[in-house]
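Summarising the annotation, TrEMBL assigns domain 'Phospholipid/glycerol acyltransferase' to A:253-364. If you look up TrEMBL, you'll see A:42-59, A:167-185, A:191-211, A:382-399 marked as transmembrane segment.
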């Protein structure tokens, strides 16, 4: 009763002061207030509390299954539309668009000579280099790894559509609804969660940092880290499947994984506790880094220290030698690759001589492409893309631990681990350096090609007598 | 129209052209090509890149890109007997040979001189063969090919030397779809 009286009195007051529009305005305010409360309660119950305890309602998986059905329907409609107009849909093929024969230089040139006794120069030798060169212009193995993977069926996002003229009105309506849902509902939800997650991380790790060192502190630090990363995982609507959890990394080891985006860290750290390695940043990242290191020892390097390979190796070995410290998480590719291949692993982390726990991460690009093309998009732009996609779906495989074998050097060990990760994740195993994203290829590779050809030309016997 | 490429292949090549064009100005420069690692380590990489750029120009647009790539279309059987009034297609045996000839002919004067041959040989072998050996290889090659005694290889002499080689197969790139 008193509420109603108060409300009516207020209504009359407002009417006097500002005219008749006011009651509508205050009604809207009340509705907003109620919806906010409901919103936050739902958020708490369905997302934050499960995150704290590490359980899941399974809502995300249902969401994922319905999305798959939707995408398949959309592709069928587009194909039907294309057939009516008697055209073909553009279908991207990430396995290559031209037929490349895996014939080596020697094989091909000998073939051309047709077994003549003297391997002399022939004017037709140029054909091999010519064709190989033009093949690489049309389709090469490296440059396509640095742009987002193309999809076989459309996932109702403008950024991955190549068949604009085949979209019917029904599809456009669906796409429009998708935009509304993604930007109007999912994006604000995710941004709220992200802020909550990061905020809690900073605050709680600082609190844990006040405890004295010991088992209690480690226990609390683990729980706090896990909880905050789980909230962040929900902030991206990441649906992750972990395989072979019995191989999870243990203390005193190094965990290596293939790198696709900064989100890899969140994905791995929400299932286990790791010590992070990285450069000290300023701004928000710096605040987070400083807070995290209060709760448990992470390895942050100053910019100047990064260049000093010995210093880096020493700090990593010291950390690994201490059994009470968490396993280190490292991405040996050194840069983000688009998740269709694994590129050269830098040998630094493989020289330390401890157990290596390889992890393979494979994203399903249909729901949202996690690859960060750092030359095209900045971090904020990237996060916006992430949070306005449908979801991030990925699989994580924990591979059995590996150690360096007798007579194996760091580079061979690194390649062995890389091959295992590529095989498990279904990725192409490349020898090329991820640094080619930005830098030029080394001259020494060209010199190798020239050497090979000279051998064929001059004949191997002469070669031996010269050397 | 001499190009005779399917619609989907054109779309794919355009997508490739676009991804190579870092400056996004609708044309490729030499640096754009050199960014392809597999091309950069090809000993004749620079000569191949050069083949895309007409005399004196620094940019190649999509039309020029396609035109050069059209030389590498496989020769289909039913095309060999095609009516020649529409002009010889770019992927004919003669045109493929001409493309290779131009890789040797550095100054575009329609003759391969001893110097030019030496330079191209040097590109292909790097530092692994001595000057004298390379010189003798070049002399031998010119001797075998040269029929009119001018110590240079003209296009017709080039064609004659390679008449037994399966040029159509060696200089063709097959699309998968």
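Heads up, the Cβ atoms here are built off N, Cα and C, so glycines get one too.
Curation plays no part in TrEMBL annotations; they are all automatic predictions.
For the transmembrane segment (A:191-211), the most Cβ-contacting stretch among A:42-59, A:167-185, A:382-399 is A:42-59 (pairs under 8 Å).
Sequence-remote contacts of a segment are chain residues at least 6 beyond its ends whose Cβ falls under 8 Å from one of its Cβ atoms, and for the transmembrane segment (A:167-185) they are 70, 74, 77-78, 81, 156-158, 161, 388-390.
Residues of the domain 'Phospholipid/glycerol acyltransferase' (A:253-364) grouped by DSSP class, helix first, strand second and coil last, total 41 helix, 26 strand, 45 coil.
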